[in-house]
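Some notes on the structure that comes next.
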Amino acid sequence: MSRIQKTFAALAAQNKKGLIPFITAGDPEPGLTVDLMHALVAGGADVIELGVPFSDPMADGPVIQRASERALANGVSLTQVLQWVREFRQTNADTPVVLMGYANPIERMGEAAFAKAAGAAGVDGVLVVDYPPEECESFAVLMRDNGIDPIFLLAPTSTDARIEAVGKVASGYVYYVSLKGVTGSATLDLDSVAARLPLIKKHVNLPVGVGFGIRDAQTARAIGSVADAVVIGSRLVQLLEDAPRGQAVESLRAFIAGIREALDA
């Protein structure tokens, strides 16, 4: 059983919903990343999604784009991100860490070299935004051979064929993008999410995390009423951008604790 599977099994046994926060590695400053990861756990995160900075993050809105730019300006690389996961693992052996990013940095390192390095660092899942599941079989096998779950996105526009393709290659969980558009988009249509999830579950025998458009305890709780897990990203990255210097870690912990409380209520 992978760390991600164990986490979702424990949540199901307690009838709880998963909380999956996203932060960009190296933002707002590189020295804070490991502390921020621990703050997320202290606040009640079940899985951490760690964004790998990239110069052209096409699926991301302006908030996460700016975070990527700040991290890259500070010289943050994929190798550095793996080092932070290794450091986090020195004192946390239980919380799954999922890297989320784009194909380019992985391909520059080489898929096999990346899979080996990520597995050795303690990475549990990898979500490559621009890897279509139909063309990912060998990549998925490479990930699993190194103890990593390949995670894929589904969207309101995903066809049955795409959902089936994800069902064949994904493990861990799938990430359902609840809105058309980029991360940080505004309104959330709960009814359409609720209608879509059973169709996904027909083809994908995995927990479904729902993200995009979740900004506060209220929207998190609404999504938690229909999904297995709630993914929250842009709102956290915005919070870190706005937090006064020296207060980022505690601000993040407190915000996540509020979301956790709402999910468990």
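Placed from the backbone N, Cα and C atoms, the Cβ positions cover glycine too.
Residues or ranges marked as active site, proton acceptor by Swiss-Prot: Glu49 (among others). Counting only residues at least six positions away in the same chain, the Cβ atoms of Ile20, Pro21, Phe22, Ile23, Val98, Leu99, Met100, Leu127, Val231, Gly233 sit under 8 Å from the Cβ of Glu49 (active site, proton acceptor).
The feature active site, proton acceptor is assigned by Swiss-Prot to Asp60 (among others), with sequence analysis given as support. When other Cβ atoms within 10 Å of the Cβ of Asp60 (active site, proton acceptor) are tallied across all protein chains shown, the result is 24.
Annotation note: Glu49 (active site, proton acceptor) sits in a strand segment as assigned by DSSP.
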